[in-house]
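Asker: One structure, pasted below without further comment.
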Amino acid sequence: MQAKKRYFILLSAGSCLALLFYFGGLQFRASRSHSRREEHSGRNGLHHPSPDHFWPRFPDALRPFVPWDQLENEDSSVHISPRQKRDANSSIYKGKKCRMESCFDFTLCKKNGFKVYAYPQQKGEKIAESYQNILAAIEGSRFYTSDPSQACLFVLSLDTLDRDQLSPQYVHNLRSKVQSLHLWNNGRNHLIFNLYSGTWPDYTEDVGFDIGQAMLAKASISTENFRPNFDVSIPLFSKDHPRTGGERGFLKFNTIPPLRKYMLVFKGKRYLTGIGSDTRNALYHVHNGEDVVLLTTCKHGKDWQKHKDSRCDRDNTEYEKYDYREMLHNATFCLVPRGRRLGSFRFLEALQAACVPVMLSNGWELPFSEVINWNQAAVIGDERLLLQIPSTIRSIHQDKILALRQQTQFLWEAYFSSVEKIVLTTLEIIQDRIFKHISRNSLIWNKHPGGLFVLPQYSSYLGDFPYYYANLGLKPPSKFTAVIHAVTPLVSQSQPVLKLLVAAAKSQYCAQIIVLWNCDKPLPAKHRWPATAVPVIVIEGESKVMSSRFLPYDNIITDAVLSLDEDTVLSTTEVDFAFTVWRSFPERIVGYPARSHFWDNSKERWGYTSKWTNDYSMVLTGAAIYHKYYHYLYSHYLPASLKNMVDQLANCEDILMNFLVSAVTKLPPIKVTQKEQYKETMMGQTSRASRWADPDHFAQRQSCMNTFASWFGYMPLIHSQMRLDPVLFKDQVSILRKKYRDIERL
């Protein structure tokens, strides 16, 4: 044992001596090196740094393992104070790790709600058309305010979309211009839109100026640089992308099985060198020229011939054989590989064409990924597994393909078909972050009609909206509230309004009746109204304008609303049948008086007709049933300009409601029975409401059609040839077998 102890002591002593010799040698070499530098500095009259620099710098070997936010230049930070270090780290945190909780001032939004201020455009500043469309969408939205003191969010008027220094759209000296804005406040509560950042050869995501604490609404943003719950990933869109409206998706009908001529297609540039070239250079391995057609061309850029390889000529020849549009509309899947940047125009093109996108862009934060579940509309691939893509998509079941295709159409029409929808979706996402207690859930964002038309301020319960009864396993309401719009004084007990009130009150589904008194004369005495089995509430309109009939009155206690003009002639049986039909289509307008629209080629404008034809696109609200949520949507979604037009003309409110409901549902209204309800000339000439007999009334409705279509950016009305009649309607059977037998006698 004693021998072992001696050996152990000797070994320990030797190890200690070796370590002392090693560190002493390092210090001696550092000292000699310092002495030489000191002599050299003395000869040149230079002052030498502190002796702290003599010590060996062991952390250098560990530098690759230091977190990025702690990596500093030690030479420049050795002498800074602890407070300066904290300030430096704080600055990094605010810029790189910003979240809503740390870099956004919520107090501005609590005062006046979610209002957005766009800086006024400065003289001499060039603004690309795409950015002008973004600003126009903001200024035309219900969020816009021209008063910065009322604003919760600020958007620059300086064009930040294209930050590629080689682009003609690049705005120079943006750093100083932004810093000079008196409301900038280091970017706090600011939103910056950007489509292109960086330039050849690395295409970094740097926008070229210090954004401070501003949020980014950015295309082609990587998951590495994306700040969750702060930035918003938007799609890359072209300068030709429509400002409003936009074309609908190209899926006109569902084919079963949902397979097309091509299984997988792509046609685009092949980058011979540089970033983004790896994947596109390898596409030829997957191309089979039959159902998998992946075409690339080398012909792009000024010096492509300098870099051309042995495959270029063959690829270029094959590329010219196929028409891109024909491939796009006849393919089941469309490959969306990355380009120089992560995003690609092919993404939106595939969505619109109902071609399921196969994403091949590792690290791309997909557009609006915070709210959209892309697994329901796309196949997320991996660039490293390119050769497995064909077998992967072939294994997808046909039911799944059909569901993916339908979801592409919904997402395209709900969020991507226009610049306005992209901007409004961005703003709605930010608003949901601010007011989390009334924010939309994933079901709202990913199911028809989408987040832009479902306003959570109306209700936080999905059962209060007409779109989710099936999802929640609920039945539509079993009662309705009749709202009668009265504009003429009550002078006789035989007036149509009193007969209408009695007929509606006798319905087994009627919960109450509200009379909206928009007449200039005082309210009639209570005894003038007939006695009914249901409550009758008379509301005197404050402004007595046409739009007041669609206000979301608290007195309406049911989800279903039976909207009636005072001159409407309906029986109780007709009311019951219409409500029964509506319960099967609670998201649509169901009623009696039908009208239609058409395109007048000679005048190049939309026309309105009340002629009895084989189709219709509107059901007027003088005798119709719909969900009361549309009152809220009419009041809070539509711009004041359209409602003011309706009020000034005392006309077109029913047309505007049809535009709104069709825009939301993407479906036509439903007409019941063949009865022709009142025409435009039925109203008596002695009434203040003789607007129906006014020759200018019809011309005004023509004008309204075009104004409304202009605001929506497209014509949302949809023609229908469907009319619903009672079972056995006019069949040669016993009248006792018919439930709604009185309808045949009318």
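Here, residue 1 is simply the first one shown, and the rest follow in order.
Glycine too: its Cβ is placed from the backbone N, Cα and C atoms.
Here Swiss-Prot flags 1-7 as topological domain 'Cytoplasmic', drawing on sequence analysis. According to Swiss-Prot, the topological domain 'Lumenal' annotation covers 29-746, on the basis of sequence analysis. Residues or ranges marked as N-linked glycosylation site by Swiss-Prot: Asn89, Asn330. Among the features that Swiss-Prot reports, disulfide bond is placed at Cys98-Cys103, Cys109-Cys152, Cys298-Cys312, Cys334-Cys355, Cys652-Cys704, with the record citing similarity to another entry. Swiss-Prot lists Leu166, Tyr203, His300 with the feature protein binding site, giving similarity to another entry as the kind of evidence. According to Swiss-Prot, the feature UDP binding site maps to Lys267, Lys269, Tyr271, Arg280, Tyr319, Tyr324, Arg346, Glu349.
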Asker: Distance check, please: Cα of Cys312 (disulfide bond) against Cα of Tyr319 (UDP binding site), rounded to an integer number of angstrom.
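Answerer: Distance between the two Cα atoms comes out at 10 Å.
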Asker: Enter the number of other CB atoms within 10 angstroms of the CB of Cys98 (disulfide bond).
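Answerer: Result for Cys98 (disulfide bond): 23 other Cβ atoms within 10 Å.
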Asker: Roughly how many angstrom lie between the C-alpha atoms of Lys269 (UDP binding site) and Cys109 (disulfide bond)?
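Answerer: Given the Cα positions, Lys269 (UDP binding site) is 46 Å from Cys109 (disulfide bond).
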Asker: Taking 8 Å from the centroid of the Cβ atoms of Leu166, Tyr203, His300 as the cut-off, which other residues in that chain fall inside it around the protein site?
Answerer: Asp164, Thr199, Trp200, Gly301, Arg340
Asker: Need the DSSP three-state call for Tyr324 (UDP binding site) to compare against my parser.
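Answerer: In three-state terms, Tyr324 (UDP binding site) counts as helix.
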Asker: Within 10 Å of the Cβ of Leu166 (protein binding site), how many other Cβ atoms can be counted across all chains shown?
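Answerer: Around the Cβ of Leu166 (protein binding site), 8 other Cβ atoms lie within 10 Å.
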Asker: Non-local Cβ contacts of Cys298 (disulfide bond) (under 8 Å, 6 or more apart, same chain)?
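Answerer: When sequence neighbours closer than 6 are ignored, Cys298 (disulfide bond) has Arg270, Leu272, Trp304, His307, Lys308, Asp309, Cys312, Asp315, Asn316 within Cβ distance under 8 Å.
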Asker: Round to the nearest Å and give the CA-to-CA distance linking Arg280 (UDP binding site) with Cys98 (disulfide bond).
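Answerer: Pair distance, Cα basis, whole Å: 35 Å.
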Asker: Taking the Cβ of Cys152 (disulfide bond) as centre, how many other Cβ atoms lie within 10 Å?
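Answerer: Cys152 (disulfide bond): 24 neighbouring Cβ atoms within 10 Å.
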Asker: Give me the non-local Cβ neighbours of Glu349 (UDP binding site): same chain, 6+ apart in sequence, Cβ-Cβ under 8 Å, ordered along the sequence.
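Answerer: For Glu349 (UDP binding site), the qualifying residues are Leu328, Cys334.
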Asker: Under 8 Å between C-beta atoms and at least six apart in sequence, can you list the same-chain neighbours of Cys355 (disulfide bond), or say none if there are none?
Answerer: Val265, Leu328, His329, Ala331, Thr332, Phe333, Cys334, Thr408
Asker: Which three-state DSSP class does Cys98 (disulfide bond) fall into?
Answerer: coil
